[in-house]
Amino acid sequence: MGVEFESSKWEPNLSLYGFIIMCCFSSIALFPRFFNKSLSLSPFADQSLSPTSHRYFLFLYSLASAMEGVWSVFGDFEFVYSGTSKEQILFSLILGFGSSLLLAPLLAFLFDSIGGHNKACLVFCILHLFVGIWKRIVPQSHPCVWLLTLSSSLATGIFSFAFEAWIVLENENQGYRLRALTNTFWLMTFIESASLIGSQVLVNWLLASDVDTGIASSSTATIFIAIIGIFCVTKGWKQTPHSAPVKDGRWMSYINIFSDKRILLLGFAHACLQFSIAIFWILWAPTLVADGREVHLGLIYPCLMGARMLGSTVCPWLFGGSSSLRIEDCLVYAFTVMGLALSIVAYDYQEIGVLVSLFCLFHAGVGLIIPSLARLRTIHVPNELRGGMISLSLAPANAAILFLLILRGYYQNIENSTMVALAALGLFMASGSMHLLKRLGKQPFGNWHKS
């Protein structure tokens with residue numbers, strides 16, 4: 001995703017990196033000065049769990065994000081370098097989204113029913129360990145290479161729900177205030193983005209001397225990080241026993257997820273967001289290099305992640321202190337701005353600087369929306385059903401992407417600009433769903449169990 005070996009004609013100004021870093025630092029450092037300190041509204045105050053457990057969880061989450069990031073840096077480069085045909089790459093993408101569509105919700109409901117999201121995190125690490133070992137000893141042209149795609153897709157599906165569900169249940173079982181989770185959510189987004197940048201730096205450093213050696217070294221790095229993650233999950237912080245009866249899980253799932261309009265609207269907005277993110281990462285590079293333009297993708301990628309980090313630091317400003325702004329109002333505006341940004345991209349604007357600016361604006365919105373949706377899930381979704389709800393909300397997005405990939409890859413019936421326009425339309429629809437969610441109810445924070 002972020003690997004570049006040839007000199008490029010266009011790359012972002014180096015001062016942009018410093019500007020993003022300073023903005024993130026200022027947003028975090030200045031926040032407590034603008035609010036009453038007695039309210040304990042510092043971004044690092046009033047944390048869920050004990051300080052030690054909180055730091056331990058964030059460290060484990062950073063490891064998981066790094067494992068996800070190592071392979072995302074390559075994108076299609078590794079397939080192309082090993083001589084994989086376009087048809088095989090397309091089949092790999094379809095297999096990945098298809099497995100996420102069919103198997104990820106089943107895994108989510110399984111771990112919800114047994115209350116073992118720490119076990120889900122362990123499975124996530126094992127899958128990455130398997131992928132790393134396979135890539136280290138088996139050539140990329142092996143007939144069973146589809147096992148790598150299947151394992152990576154399942155790991156990504158588990159990553160989407162397991163860590164969030166784990167920290168929420170731990171927070172509830174240990175009796176901490178739900179309000180404290182807001183800080184944890186934006187810190188997770190911030191740390192994930194930082195870990196993705198770190199993984200890109202690591203992989204490009206490994207690839208600097210020799211491509212073959214670099215790919216093998218990246219696999220070794222993944223194996224090493226996965227082993228540390230397995231050790232942390234099994235020997236470190238243990239999950240508190242689940243308090244909800246297992247027999248009630250399936251009944252509550254049908255009643256709350258398929259009958260509650262608020263949960264349906266929240267899930268729809270999440271699906272639209274993930275759909276737009278997936279479309280973006282599939283098409284951002286082809287959009288920038290259209291008409292044979294040379295662009296240093298490896299330098300643009302950290303700008304996008306930096307914008308996502310900056311967007312996440314806005315959360316405590318909007319939802320802390322005496323601010324009267326509701327989460328739904330904020331999301332209505334954020335989804336609308338992101339939809340407008342992708343609408344301009346859909347018209348195939350030729351100026352690279354404008355495209356990169358729009359991409360950064362899009363990712364700043366992503367950084368704001370992801371923790372905001374997590375907070376809304378804490379309000380409206382029963383904690384013991386959280387993993388299943390997250391995974392189910394991703395199913396429509398995966399189905400839509402699968403459908404578009406088939407149309408684009410096999411039948412050539414849809415253009416890239418049309419796919420981007422559909423992503424923008426989804427964001428506008430998500431904005432509407434947040435408006436409807438606001439009108440449906442004004443429940444206090446944390447009272448999801450009341451209808």
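Cβ coordinates are placed from backbone N, Cα and C, and glycine is handled just like the others.
Unlike curated entries, TrEMBL annotations are predicted automatically.
According to TrEMBL, the protein carries these features:
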type	residues	note
TRANSMEM	14-35	transmembrane segment
TRANSMEM	56-74	transmembrane segment
TRANSMEM	89-111	transmembrane segment
TRANSMEM	120-139	transmembrane segment
TRANSMEM	145-169	transmembrane segment
TRANSMEM	181-203	transmembrane segment
TRANSMEM	263-284	transmembrane segment
TRANSMEM	299-319	transmembrane segment
TRANSMEM	331-349	transmembrane segment
TRANSMEM	355-376	transmembrane segment
TRANSMEM	388-411	transmembrane segment
TRANSMEM	417-437	transmembrane segment
Cβ pairs under 8 Å only, please: of the recorded stretches 14-35, 89-111, 181-203, 299-319, 331-349, which one is richest in them relative to the transmembrane segment (355-376)? 299-319
For the transmembrane segment (331-349), could you work out the same-chain residues 6 or more beyond its ends whose Cβ comes under 8 Å from its Cβ atoms? 269, 272-273, 276, 280, 287, 290, 355, 358-359, 361-362, 365-366, 368-369, 372-373, 376, 417-418, 420-421, 423-425, 427-428, 430-431, 434-435, 438
Paired segments the transmembrane segment (181-203) and the transmembrane segment (299-319) in contact, 3+ CB pairs under 8 A: yes
Interface present between the transmembrane segment (299-319) and the transmembrane segment (14-35) (three or more C-beta pairs under 8 A): yes
Answer key: the stretch among 120-139, 145-169, 263-284 with most Cβ pairs under 8 A to the transmembrane segment (89-111) is 145-169
